[in-house]
Amino acid sequence: MIFTGTANTRLAVDVVNHLDMSLGKMTVGRFSDGEVMVEINENVRGKDVFVLQPTCAPTNDNLMEIMVMVDALRRASAGRITAAIPYFGYARQDRRPRSARVAISAKVVANMLQVAGVDRVLTMDLHADQIQGFFDIPVDNIYAGPILLGDIWRRNFSNLVVVSPDIGGVVRARALAKQLEADLAIIDKRRPRANVSEVMNIIGEVDGRTCIIMDDMVDTAGTLCKAAQALKDRGAGAVYAYCTHPVLSGGAIERIETSSLDELVVTDTIPLSEQGQACGKIRQLSCAALLGETILRISNAESVSSLFAD
């Protein structure tokens, strides 16, 4: 059985359509003071239940929704509850940098999900793989790579070079470059403060080439747009970005529209706003089939890793 909150209903509908089933019957609403109200409208006793809800903006509302949904299902005697969180919010707060007096919020969220009654977590392209270790329950972190790679293959780009937007993304970019039999370039940037970045240097040959920037998410798009400009300044023929999660906060969409970026390709782990849908440089791919197949395999106790064996 698959239930969903209000964060990304379209994706949930696409997933159940792929599986040729119907969404579970659940009422999710708000009391007059804004508190979340959830009621399960069918029998779930002993059932294998999946709750599909990304914790995207409004992050705290969507996070509270999934907590209350899980609690309602647990109290209704669901047999096993899997929190399917395509985009895992708070994942960027996964450590204490330089002993700063800050929370490790990713761990807080992991604790909350387990206390609420989640038995297993399914997510996609976690910002930091080590977050899986914050849980004492199984975590399946699947990858949008096959979706994004398939789109690149279909477009039959020539003279490709895969670009890592920073040093931390080199492993992801190198894996893509290997699959595409393409060269690798790296952008060395310095980030003076949160959500502000400055492109400093490009390592690799990009002159006259089609550049593919691969990242797990695009937030304010400051890094992405500066990277595209730096690549064009170095003679790149075209710059395309492939990012799993379209967070697109602040003035990201306007920034992308006026940037040197030729196109941004994202998945639907997070729904695009009307402004995002209207942006001619943003294109969205569906991850419903991949999520649906993963849910089916988890429910049938089959291998998930074999989906990504190649």
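From the backbone N, Cα and C atoms, a Cβ is placed for every residue, glycine too.
Database features, via Swiss-Prot:
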type	residues	note
ACT_SITE	LYS189	active site
BINDING	ASP33, GLY34, GLU35, ARG92, GLN93	ATP binding site
BINDING	HIS127	Mg(2+) 1 binding site
BINDING	ASP166	Mg(2+) 2 binding site
For this session: Among ASP33, GLY34, GLU35, ARG92, GLN93, the annotated ATP contacts, find the widest CA pair distance and round it to a whole Å.
Result: 30
Seminar exercise, completed: Cα-Cα, LYS189 (active site) versus GLN93 (ATP binding site), nearest Å, comes out at 20
Exercise. Near the Cβ of GLU35 (ATP binding site), how many other Cβ atoms are there if near means within 10 Å?
Worked result: 10
Exercise. Using Cα-Cα distances with a 10 Å cut-off, which of the binding-site residues ASP33, GLY34, GLU35, ASP166 are near HIS127 (Mg(2+) 1 binding site)?
Worked result: none
Exercise. Could you give the Cα-Cα distance between GLN93 (ATP binding site) and the residue listed as 'Mg(2+) 2 binding site', in whole Å?
Worked result: 18
Exercise. Where's the emptiest Cβ shell within 10 Å among the binding-site residues ARG92, HIS127?
Worked result: ARG92
Exercise. Just how many other Cβ atoms lie inside 10 Å of the Cβ on GLN93 (ATP binding site)?
Worked result: 19
Exercise. Taking the Cα atoms as reference points, how far is ASP33 (ATP binding site) from ASP166 (Mg(2+) 2 binding site) in Å?
Worked result: 43
Exercise. Fewest neighbouring Cβ atoms within 10 Å: which of the binding-site residues ASP33, ASP166?
Worked result: ASP33
For this session: Give the distance between the Cα atoms of GLY34 (ATP binding site) and ASP166 (Mg(2+) 2 binding site), rounded to the nearest whole Å.
Result: 40
For this session: Look up the residue listed as 'Mg(2+) 2 binding site' in the DSSP assignment and report helix, strand or coil.
Result: coil
Exercise. Looking only at Cβ atoms, how many others are within 10 Å of the one on GLY34 (ATP binding site)?
Worked result: 8
For this session: Give the number of CB atoms, excluding that of the residue listed as 'active site' itself, located within 10 Å of its CB.
Result: 18
